[in-house]
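Student: Mind having a look at this structure? Questions to follow.
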Amino acid sequence: MATSTTTSLKEFLSVFPQLVADLRALCLEEYQLPACVWDRFESTLNHNTLGGKCNRGLSVIDSVRLLRDGLELSPAEYFDAAVLGWLVELLQATMLVLDDIMDGSPTRRGKPSWYRVPGVGMAAVNDATMLESAIYMLLKKYFAGRAIYLPVVDLFHETALQIELGQAFDMLIANEGTPDLTTFVPATYSQIVTYKTAFYSFYLPVALALHAVDAATPTNLAAARAILVPMGEYFQVQDDYLDCFADPTVLGKVGTDIIEGKCSWLVVQALQRASTDQAQLLAENYGSASGESSVKALYSELDLESVYRTFEEQRVAELRTLITGLDESQGLRKSVFEELLGKIYQRRK
């Protein structure tokens, strides 16, 4: 067992086979389903849950350790935290499968998107729902009858709905690639990313950790949310920047925000700075494959890379101020938030 406050990916990955075995037993032994059904489920699990950085899942374990002031977790405590972490990764996998279909993304994590794998296609929609349902079966197996069970079930249900509502807002405002750019304003962007990204990527792992150490008081949850939502927005701004400016071979996927007409941070910033002619260029080209190069050229003309770097430093300074003022009297720890911020600051993929 690692003694540092940062768990290793190898250690975290070592728990996954047990969860796969649990689901295998459910399908083949309890449900008596044919092997072909389990084979499909297992392929779905392995392709979509593995292969990423697992930052969300690892954050659950790291947060539990930090909330316990860096004390080494017992094997049972580590396993519980790792299970909760893997359930966050299953929720992430669910949403990525569906997001890739809606965005038409050809790759994910350097591999073909699941729906692009031969023999999968639109059946990936059902595969995604299997991934989400697995969350609740595993929660039942490991936490039923314990005090955290119902609050954590509720937390996963609410978080899933938040993501889905954020995704719906994102798609509606993109209007199938023909967006009304007058609606692309900072307040709208902030609301979309709060629900689409911030809650599940940042608030969920820490809230789960607070439940795991019996410190999920209303005060602590509210304080965590006040820091983690703007941190999650910063993370999504990074994603939007990387979607346009990062090397796809490094990022592991091909950016599609411009082609899809998404309400990206970059286009919101461009619209705030554009002249009348530049705004017209955006209106004519944003949301089409043929106009992507023109939009990227305009982003360079407006020096949005510098705008992004300025935003990053300002947001990080604001977050550090919030962390400094955090009340630790009910068991919350500043180190939880410092650790998360350190992981994402100036990331390049």
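Cβ coordinates are placed from backbone N, Cα and C, and glycine is handled just like the others.
What Swiss-Prot records for Lys53, Arg56, Gln92, Arg109 is isopentenyl diphosphate binding site, and it gives similarity to another entry as the kind of evidence. What Swiss-Prot records for Asp99, Asp103 is Mg(2+) 2 binding site, and it gives similarity to another entry as the kind of evidence. Summarising the annotation, Swiss-Prot assigns Mg(2+) 1 binding site to Asp99, Asp103. Under the heading dimethylallyl diphosphate binding site, Swiss-Prot lists Arg108, Lys196, Thr197, Gln236, Lys253, Lys262.
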Student: Given Lys196 (dimethylallyl diphosphate binding site) and Asp99 (Mg(2+) 2 binding site), what distance in Å do their CA atoms have, once rounded to a whole number?
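Tutor: Asp99 (Mg(2+) 2 binding site) has its Cα 11 Å from the Cα of Lys196 (dimethylallyl diphosphate binding site).
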Student: State, in Å as a whole number, the widest CA to CA span among the isopentenyl diphosphate-binding residues Lys53, Arg56, Gln92, Arg109 given in the record.
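Tutor: The two farthest binding residues have Cα atoms 15 Å apart.
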Student: Can you name the residues of this chain that are 6 or more positions from Gln236 (dimethylallyl diphosphate binding site) yet have a C-beta less than 8 Å from its C-beta?
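Tutor: Set apart from Gln236 (dimethylallyl diphosphate binding site) by at least 6 residues yet with Cβ under 8 Å, we have Val193, Lys196, Thr197, Ala198, Trp265.
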Student: Which of the three DSSP-derived classes (helix, strand, coil) applies to Arg108 (dimethylallyl diphosphate binding site)?
Tutor: strand
Student: For Lys262 (dimethylallyl diphosphate binding site), which residues in the same chain are close in space, meaning a Cβ under 8 Å from its Cβ, but six or more apart along the sequence?
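Tutor: Those within reach of Lys262 (dimethylallyl diphosphate binding site), by Cβ under 8 Å and sequence separation of 6 or more, are Asp170, Ala174, Thr256.
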Student: Looking only at C-alpha atoms, tell me how far Gln92 (isopentenyl diphosphate binding site) is from Asp103 (Mg(2+) 2 binding site), rounded to the nearest Å.
Tutor: 16
Student: Suppose the isopentenyl diphosphate site is Lys53, Arg56, Gln92, Arg109. Which further residues of the same chain have a Cβ inside 8 angstroms of that site's Cβ centroid?
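Tutor: Apart from the listed residues, the neighbours are Gly52, Cys54, Asn55, Gly57, Glu89, Leu96.
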Student: List every residue in the same chain as Arg56 (isopentenyl diphosphate binding site), at least 6 positions away in sequence, whose Cβ is under 8 Å from its Cβ.
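Tutor: The answer is Gly85, Val88, Glu89, Gln92, Tyr200, Ser201, Leu204, Pro205.
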Student: Within 10 Å of the Cβ of Arg108 (dimethylallyl diphosphate binding site), how many other Cβ atoms are there?
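Tutor: Its Cβ shell of radius 10 Å holds 23 other Cβ atoms.
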Student: When you measure from the Cβ of Lys253 (dimethylallyl diphosphate binding site), which residues in the chain that are at least 6 apart have a Cβ under 8 Å away?
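Tutor: The answer is Ser105, Thr107, Arg108, Arg109, Gly110.
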Student: If I take the alpha carbons of Asp103 (Mg(2+) 2 binding site) and Lys53 (isopentenyl diphosphate binding site), what is the distance between them in whole Å?
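Tutor: Pair distance, Cα basis, whole Å: 21 Å.
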Student: Take the C-alpha atoms of Asp99 (Mg(2+) 2 binding site) and Lys53 (isopentenyl diphosphate binding site) and report the distance between them in angstrom, rounded.
Tutor: 18
Student: Within 10 Å of the Cβ of Arg109 (isopentenyl diphosphate binding site), how many other Cβ atoms can be counted across all chains shown?
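Tutor: By my count, 16.
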Student: So if I draw a 10 Å sphere around the Cβ of Thr197 (dimethylallyl diphosphate binding site), how many other Cβ atoms end up inside it?
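Tutor: Step by step: centre on the Cβ of Thr197 (dimethylallyl diphosphate binding site), count other Cβ atoms within 10 Å, giving 23.
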Student: Minimum Cβ neighbour count within 10 Å among the binding-site residues Lys53, Lys196: which residue?
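Tutor: Fewest other Cβ atoms within 10 Å, among the binding-site residues Lys53, Lys196, is found for Lys53.
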